[in-house]
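As annotated by Swiss-Prot, Ca(2+) binding site applies to Asp58, Asn60, Asp62, with the evidence given as a curator's inference. What Swiss-Prot lists as domain 'EF-hand 1' is 45-80, and the listing cites sequence analysis. For 81-115, the entry in Swiss-Prot reads domain 'EF-hand 2'. The annotation N-acetylserine is assigned in Swiss-Prot to Ser2 on the grounds of similarity to another entry. Residues annotated as N6-acetyllysine in Swiss-Prot, with similarity to another entry given as evidence: Lys11. Sequence annotations record features per position, and here Swiss-Prot assigns phosphoserine to Ser39. The region 'Disordered' annotation in Swiss-Prot covers 128-147.
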Amino acid sequence: MSETRDLQGGKAFGLRKAQQEERINEINQQFLDDPKYSSDEDLPSKLEAFKKKYMEFDLNEDGGIDIMSLKRMMEKLGVPKTHLELKKLIMEVSSGPGETFSYSDFLKMMLGKRSAILKMILMYEEKAREQEKPTGLPAKKAISELP
């Protein structure tokens, strides 16, 4: 029992999240300064939304979304995928040979012109938040509610 335990897990988690947010803000600034993306309208708010989404699914705060983080994201969206499909998704988005994709890869995919599966996933998540229109017959009204 010579190990020392860090009993301040919440504080350490907060520090890691702050460091992660700082790294992501630096990358966002690079994209804001890049003339290639200067024509995108409302770029700062898009980058802020992408940052929140990326931080939500980067479970281990290592700067990359791995296969388990992607699996969690897909299941949360109600679109579970097989291990092979997840590997293909990562290979499509990632610029390197690893089994993760970085925030820069994520931004290039989201701001790029090519269509990718993750772009559609985020679009479906936005649609899921919209209120569904009621179907079927309207509810019965009382006489006092009639015009």
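Indices start at 1 and increase along the chain as displayed.
Keep in mind that glycine also has a Cβ here, set from the backbone N, Cα and C atoms.
The structure, with features from Swiss-Prot marked on it.
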residue: Lys11; record: N6-acetyllysine; contacts (Cβ under 8 Å, 6+ apart): none
residue: Ser39; record: phosphoserine; contacts (Cβ under 8 Å, 6+ apart): none
residue: Asp58; record: Ca(2+) binding site; contacts (Cβ under 8 Å, 6+ apart): Gln20, Gly64, Ile65, Ser69, Tyr103
residue: Asn60; record: Ca(2+) binding site; contacts (Cβ under 8 Å, 6+ apart): Asp66, Ser69
residue: Asp62; record: Ca(2+) binding site; contacts (Cβ under 8 Å, 6+ apart): Thr100
Intrachain neighbours beyond the domain 'EF-hand 2' (81-115), with Cβ under 8 angstroms and 6 or more residues off its ends: 23-24, 27-28, 31, 37, 40, 43, 46-47, 50-51, 54, 58, 62-67, 70-71, 74, 122
Folded-back contacts onto the domain 'EF-hand 1' (45-80), same chain, C-beta under 8 angstroms, at least six residues removed: 16-17, 19-21, 23-25, 28, 31-32, 86-87, 89-90, 98-103, 106-107, 110-111, 121-122, 124-125, 128
Per-residue pLDDT averaged over the domain 'EF-hand 1' (45-80), given as an integer: 81
Additional residues surrounding Ca(2+), by Cβ distance to the Asp58, Asn60, Asp62 centre under 8 Å: Gln20, Leu59, Glu61, Gly63, Gly64, Ile65, Asp66, Ser69
Secondary structure content of the domain 'EF-hand 1' (45-80), with strand meaning DSSP E or B: 23 helix, 2 strand, 11 coil
Ser39 (phosphoserine) - helix vs strand vs coil (DSSP): coil
